[in-house]
Amino acid sequence: MNTQTSLSSSRAAAPLPRIAVLATGGTIAGAAADATNTAGYQAGVVGVEQLLSVVPALSTVAHVVPEQTASIDSKDMSMPLWTTLAQRVNALVAADDIDGVVITHGTDTLEETAYLLHLTVKSDKPVVLTAAMRPASALSADGPLNLLNAVTVAANAAARGQGVLVAFNNKIHSARDVVKTSTYAVDAFQSPEIGALGWVQDGRVEFQRSVVRAHTRATEFVIGANWPHVEIVASYAGVSRIAVDALVTAGVRGIVVAGTGNGSIHASLAQALADAASQGVAVVRSSRVGSGHVMRNGAAADDALGFVSAGSLNPYKARVLLMLALAAGATGPVALQRAFDMY
Ligand code: SIN
């Protein structure tokens, strides 16, 4: 008797991980009139079952449990849908029979949704977002491989405890760092300066670094339906104070400014923001540059004006954190700066 054969045949095959796939729409679920059209298509029209059906290899990686959570173009992402999605992900990762979650999403606001979940999912189980730059109907659509790679990452034990991840074009990014950097390239997502966490290719998953800042179970944030009103303004040549004054009149709780360079702000806008801060509006300085970080007490003298520095968060992610921090009861620049230094 061949001992090797008898040992391996008596060993039961390990059951495949059970991965929930939540579809929300986007180009990955987009369809155009013909296969060569990669720009004139409708996002979010292909259902989750059809997305899965074109990737038979999924059945070798995981037992996939599909759900159609939404069918939108992600430019139209809303706070109520964020609440629904985050609550659903939290419910799934709390279930014993789910080992991880994959979310298919539009690329346009993916980095915002990913960071929101990174701060509000209460589990070590992998949660992986993916997307596509070409519609499902396109020649060389990138969605099927991105979906297979996302499920492969979610099914891999090394992804546990890494926070919310984005699997895109063979790279694995942290939700905190990743940003969309191209309007058309299939390599549209980067983690500026810091780089990706790792890679996924041909079924192999490798992490080369991990996330240092607090996330998922280690945050104070719990998803709810209370979204403090926070808006974004930009600093640029000749900017006026009109937008800031209108926002204060409208009753915003916070304003994120996409400043120039190291979060510097045009004098007219800085005065308007200082006036807003003196009325209790939270003001966070970020940068429109696209990489690097905004250092506290730079040109805008944060201490004197009551401003907060966003560090390395871009304006859109800074807005997510500011809304969550305000909803959690943080008030004043000291408490808010602590949140930006921690997350
Ligand atoms: C969207 O964000 O829903 C449309 C664009 C895309 O997914 O690339």
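Sequential numbering from 1, following the chain as shown.
The backbone N, Cα and C atoms fix where each Cβ goes, and this holds for glycine too.
Quick look at what TrEMBL lists:
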DOMAIN    18-211  domain 'L-asparaginase N-terminal'
ACT_SITE  T27  active site
ACT_SITE  T27  active site, O-isoaspartyl threonine intermediate
BINDING   S74, T107, D108  substrate binding site
ACT_SITE  T107  active site
DOMAIN    229-340  domain 'Asparaginase/glutaminase C-terminal'
I want to verify one value. Collapsing DSSP to three states, which class is T27 (active site)? helix
Residues within 8 Å of the S74, T107, D108 Cβ centre (excluding the substrate site residues themselves): G26, T27, D73, K75, H105, G106, T109, L110, A131, K180
Using DSSP, what is the helix/strand/coil residue split across the domain 'Asparaginase/glutaminase C-terminal' (229-340)? 47 helix, 24 strand, 41 coil
The average per-residue pLDDT within the domain 'L-asparaginase N-terminal' (18-211) comes out at 98
Can you check which residue among the binding-site residues T107, D108 has the largest number of Cβ atoms within 10 Å of its own? T107
Just how spread out is the substrate site if you go by the largest Cα to Cα distance in Å among S74, T107, D108? 7
